[in-house]
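The annotation Mn(2+) binding site is assigned in TrEMBL to HIS101, ASP128, HIS130, ASP132, ASP231, ASP233.
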Amino acid sequence: MAMHPRPASVYGLPTDIGAAHRGASMGPEALRVARLVEAIAKRGVDIRDEGNLGGPRNPLSKPVDGYRHLDEVVAWNRAAMSMSARILGEGRMPIMLGGDHCLAMGSITAVADHCRAIGKKLRVLWLDAHADFNTRDITPSGNLHGMPVACLCGLGPKELVGLGKHAPALRPDQIRQIGIRSVDAGEKRLVREYEIDIYDMRYIDEIGMRRVMEEVLDGVDADTHLHVSFDVDMLDPGIAPGTGTRVPGGVNYREAQLMMEMIADTGAMGSLDLVEVNPALDKRNATAKLAVDLVESLFGKSTLMRD
Ligand SMILES: NC(=[NH2+])NCCC[C@H](N)C(=O)O
Ligand SMILES: [Mn+2]
Ligand SMILES: [Mn+2]
């Protein structure tokens with residue numbers, strides 16, 4: 001069984017600045033109420049809660065030049081990037097509690113800079129219903145939580161593309177997307193052009209989650225830093241209703257557990273985002289509770305002793 005001796009620090013970003021629906025700002029507290037920190041501690045991890053960071057309020061304004069709330073999104077992502085960088089510098093695993101998925105630009109940029117500095121390979125697992133690969137020219141909404149992967153690959157406003165020490169932060173071949181079932185028309189052309197590795201629901205149905213995860217994790221070794229960016233809308237809305245952009249036909253409970261268990265088995269997870277939990281749309285905190293359940297598996301919880 002893979003062990004997780006690596007110490008970890010959680011921090012929250014209480015904002016819905018990149019999303020269309022309000023309420024993801026309450027995500028960090030919902031995850032804490034669902035006993036996220038206690039659950040990770042129970043796995044034997046030295047875990048700290050750094051509390052929440054602050055940032056500009058949501059002005060609820062219309063898109064300007066194709067982007068909604070760009071200045072505010074930049075401010076929140078700078079905060080995320082410096083907090084993740086600080087935690088990585090302490091030799092700990094950053095666990096970012098969103099907030100909406102635009103915040104992964106900050107957390108992942110910090111991880112990419114860190115991996116470059118210490119010469120580690122980086123692989124990003126993007127667990128999502130959406131590809132989040134829109135740009136100003138093709139976005140149907142102007143919402144920046146639909147654009148973080150494109151920005152990380154160099155397509156986006158210079159303030160976001162240039163957040164870190166190196167732009168672009170990621171090469172497309174470092175990314176694997178799993179659970180995808182909603183890609184906008186222009187976005188479809190772009191993910192193809194950039195050759196993003198997408199394991200969509202059809203492929204999962206056809207070959208099964210075990211083989212999908214074997215492919216996704218192929219080549220991961222002791223020299224690899226795995227970043228897991230978990231948008232809870234990857235999950236089927238029947239089990240995870242508390243999120244703003246629900247898409248039917250998502251990953252089921254067993255499949256999700258297997259994903260997390262197989263990631264845990266690599267022992268390579270070095271950072272994690274938990275995003276898009278929206279308590280205002282949830283039923284009795286079910287989505288946060290499920291996320292915590294899955295995080296326990298990510299940190300090595302299993303039914304039997306395995307080796
Ligand atoms: N992180 C998310 N939930 N993203 C949803 C994006 C939805 C849609 N593709 C858009 O660009 O507006
Ligand atoms: Mn997303
Ligand atoms: Mn999504």
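Glycine too: its Cβ is placed from the backbone N, Cα and C atoms.
Location within the structure of each feature annotated in TrEMBL.
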| residue | record | DSSP (3 states) |
| --- | --- | --- |
| HIS101 | Mn(2+) binding site | helix |
| ASP128 | Mn(2+) binding site | coil |
| ASP231 | Mn(2+) binding site | strand |
What is the number of other Cβ atoms found within 10 Å of the Cβ of ASP128 (Mn(2+) binding site)?
-> 29
Row HIS101 (Mn(2+) binding site), column other C-beta within 10 angstroms, all chains, value 31
In sequence order, which residues at least six apart in the same chain have a CB under 8 Å from the CB of ASP231 (Mn(2+) binding site)?
-> HIS101, TRP126, LEU127, ASP128, ALA129, HIS130, ASP132, THR243, VAL275, GLU276
Not counting HIS101, ASP128, HIS130, ASP132, ASP231, ASP233, residues with a CB within 8 A of the CB centroid of the Mn(2+) site are TRP126, ALA129, HIS145, MET234, THR245, VAL275, GLU276
Enter the number of other CB atoms within 10 angstroms of the CB of ASP233 (Mn(2+) binding site).
-> 29
Within 10 Å of the Cβ of ASP132 (Mn(2+) binding site), how many other Cβ atoms can you find? Include all protein chains, please.
-> 29
